[in-house]
There are 2 protein chains.
Amino acid sequence: MPLFLNAQDANFEADFAAFLGTKREDSPDVDAVVAEIIADVRARGDEAVIELTRKFDRFEVTAETIAFSKSEIDAECAKVSVEDAAALEMAAERIRAYHLRQMPEDASFTDDVGATLGWRWSAVSAAGLYVPGGLASYPSSVLMNAVPAKVAGVERLAICVPTPDGVCNPLVLFAARLAGVDTVYRIGGAQAIAALAYGTASIAPVDKITGPGNAFVAAAKRRVFGKVGIDMIAGPSEILVIADKHNNPDWIAVDLLSQAEHDESAQSILITDDADFGLQVVQAVEKRLETLERAKIAGPSWRDFGAVITVATLNDAVTLSDRIAPEHLEICVQDADAMAAKIKHAGAIFIGAFTPEAIGDYIGGPNHVLPTARSARFSSGLSVMDFLKRTTLSKMTPEALRAIGPSAERLAKSESLEAHGLSIRLRLDSLNE
Amino acid sequence: MPLFLNAQDANFEADFAAFLGTKREDSPDVDAVVAEIIADVRARGDEAVIELTRKFDRFEVTAETIAFSKSEIDAECAKVSVEDAAALEMAAERIRAYHLRQMPEDASFTDDVGATLGWRWSAVSAAGLYVPGGLASYPSSVLMNAVPAKVAGVERLAICVPTPDGVCNPLVLFAARLAGVDTVYRIGGAQAIAALAYGTASIAPVDKITGPGNAFVAAAKRRVFGKVGIDMIAGPSEILVIADKHNNPDWIAVDLLSQAEHDESAQSILITDDADFGLQVVQAVEKRLETLERAKIAGPSWRDFGAVITVATLNDAVTLSDRIAPEHLEICVQDADAMAAKIKHAGAIFIGAFTPEAIGDYIGGPNHVLPTARSARFSSGLSVMDFLKRTTLSKMTPEALRAIGPSAERLAKSESLEAHGLSIRLRLDSLNE
């Protein structure tokens, strides 16, 4: 059974705090192994990558075959059905349209002292995207990572996808081609992250690495951070649904299960102002679990980490939601827009009964890579900004320096930084000569 | 002597690559100690913080005195000279004006299928700023961290500043008051970072921690990352000056020294197309080092990590600069604007002979917290964005779901995520009833 909480109970505050603090993920400590793998790839390059791929993926690559050739990609893409291809194309187009709107603007302005200030955005030159193999090899994730990179203007975009026993997912290659990925390497694990960060004879280094992965990949990303940029380290998926009684309990049940089916550590929470409705949803979940293909994943997730919280008024739901800071928030109440406007901390909000979260996973347009584990309090989902960086620009005229230089010189002296002050003073003195 | 490189030498490529790879910082491995300190603060709260402050800062605090009182702050601020106060006020005003322009816009639009999409920016609720004590206790850094936080709309802003032996810098408190900081705690080190991240009885936890610090502070920030957001982990400062012969060698010399005087690990590089001019700058640096107050810091920095690179044409300087991806880039050539426009990777650019980098440290307006160690290839300086996060918004109509839902359902099936598909199918079916 999921956890049942009632916000009007005397011990709710303590129970809710304990619930917020629940650790859902047991990350195995693979850091020592990963450190060795990275050192090996740095020292031996391709040779190490080839050996590690043989060991972990039971697959033979060479420096020549480490990347899929164009004809191999075309052959795999030909296996994709017309219907799947059309669906991926619609998804790519909608994701591209949304992310194009995110592109930030450069600025340049001259202020009252005559200083010209501003900034300019530019793209990371090369990015590498990690795509997991096996069960969680999602073509949708390829689009969600690669499309923003291309929209941002990344010149060279590489993917690493492990192909255990040589098997790859044609949809992943199709999505990569669709998004304009330049190179797809058939390698995975910490060795792929190390190769992307440091480069080998056959793999050019990149400046930024994004994309999900297992504990080895996550540990490797943490280790190469600084040498290259990385995106967030995502935890298991979460959904919070706020729903009143004017909803079909079965719809809400499958929405909750759509996160639970991702991972036994995923979390699905319902907040409602109607205890009876809550029970109806719980019953509907149980019913669906009888037949759901992934019941063996969704069941434990729901029983171990699921929760139904009853509140006195829907306003209380907003307060609790902000404390949870959910990755996905679905709002199924009468005036869903008004409630959405009150939310401060959430990765993505899905507004109204006809916006199931799954729309956002595939085709809505916004990114599905979102902050988990309450990190929506301080971070955002993946966007074009992850593939851009800002250079600030300053240009003084002699007059501008005369106006503000003496204050800078004063502050430099107060911080005992003489050369700082001198670099201003010499110029000011030249104006008085 | 600094390193001399000539881009036309046969072995330049190898020498330049080795130069790029030079490690300037020996970070002591304090991770084990820091892990203990964090665990201690989590377990014992205030008690641990008080004990550690006694041990490291030789100073007695209590839960009541851990924060400066308003009257203490006012008393310290009264010690600040009228001139210093005016300089800090001008700096705060200019930094505020620049960062106000950075505020990103929300978006909401309805697309061709009738889906309403968009995003909304919101501020982090509470932020904590670390300010080092002692030698590197810079009021300018208080402004550069606190002003963007306030502009972003952070509701609660706390500072931790160690006060070894009870001594504090009145200018730091003045800058904090000026920037609208709510609370200043007189504690530092890893224990301050732990207290900000996890909270104690007398220190409320924050959502984001920014600001520079020593190896202990940096290791603590790395460790609490995930629990809270952090800014970058900054390395030693760097400047690259690109200058032609039409410059005063002494001006360029003090510009190079203005980074060198920060830290023995700082790096100052000159790229010029005139070897004679390069030598004149080197001579001017030597001359200045004879009298510079911080010659004992600036001298070793210049000799160990400084470099003068001669190029055949100034276009080659652009290429090399992008490979260095400097934190600070000063462009002192005839058409400085045109060269600045060609640069892809730099934290901040200072354009023209009347824009010494020190202007940007204090008063220009752009932030002085900038990416070091070549990370300008993939990251940006501190900005209001560090204190904001984006929530994406999606709202489907029944018609929108009818238009794009089937493609999402198709993709869910291709990824074997049945509940995802069902959450869309149930709604589509209801429309056909």
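In case you wondered, yes, glycine gets a Cβ from its N, Cα and C as well.
If you look up TrEMBL, you'll see B:Y130, B:Q191, B:N214 marked as NAD(+) binding site. Annotation comment: TrEMBL describes B:S237, B:Q259, B:H262, B:H328, B:D361, B:E415, B:H420 as substrate binding site. Annotated Zn(2+) binding site per TrEMBL: B:Q259, B:H262, B:D361, B:H420, in sequence order. Among the features that TrEMBL reports, active site, proton acceptor is placed at B:E327, B:H328.
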Listed in sequence order, the binding-site residues from B:Q191, B:D361, B:H420 whose CB sits under 8 Å of a chain A CB are B:D361, B:H420
Integer Å distance between the CA atoms belonging to B:Y130 (NAD(+) binding site) and B:H262 (substrate binding site)
18
Pairwise Cα distance for B:N214 (NAD(+) binding site)/B:Q259 (substrate binding site) [Å, integer]:
18
Name the residue among the binding-site residues B:Q191, B:S237 whose Cβ has the smallest number of other Cβ atoms within 10 Å.
B:S237
Pop the Cα-Cα gap between B:Q191 (NAD(+) binding site) and B:H420 (substrate binding site) into the table, whole Å please.
45
At the level of the C-alpha atoms, what whole-angstrom distance separates B:E415 (substrate binding site) and B:E327 (active site, proton acceptor)?
44
So among B:Y130, B:Q191, B:E327, all listed as recorded positions, which is physically nearest to B:S237 (substrate binding site)? Use the C-alpha atoms.
B:E327
I'd like the Cβ neighbour count for B:D361 (substrate binding site), meaning other Cβ atoms within 10 Å of its Cβ, all protein chains included.
27
Go through B:E327, B:E415, our recorded positions, and report the one whose Cβ sees the most other Cβ atoms within 10 Å.
B:E327
Could you check the binding-site residues B:H262, B:H328, B:H420 and say which one's CB has the most other CB atoms within 10 Å?
B:H420
Cβ-Cβ distance under 8 Å, sequence separation of 6 or more, same chain as B:Q259 (substrate binding site); the residues meeting this, in order, are B:S237, B:E238, B:I239, B:A266, B:Q267, B:S268, B:S301, B:H328, B:E357
Recorded substrate site residues B:S237, B:Q259, B:H262, B:H328, B:D361, B:E415, B:H420, farthest C-alpha pair in Å
55
Around B:N214 (NAD(+) binding site), how many other CB atoms lie within 10 A of its CB?
18
Relative to the Cβ position of B:Y130 (NAD(+) binding site), how many further Cβ atoms are located within 10 Å?
28
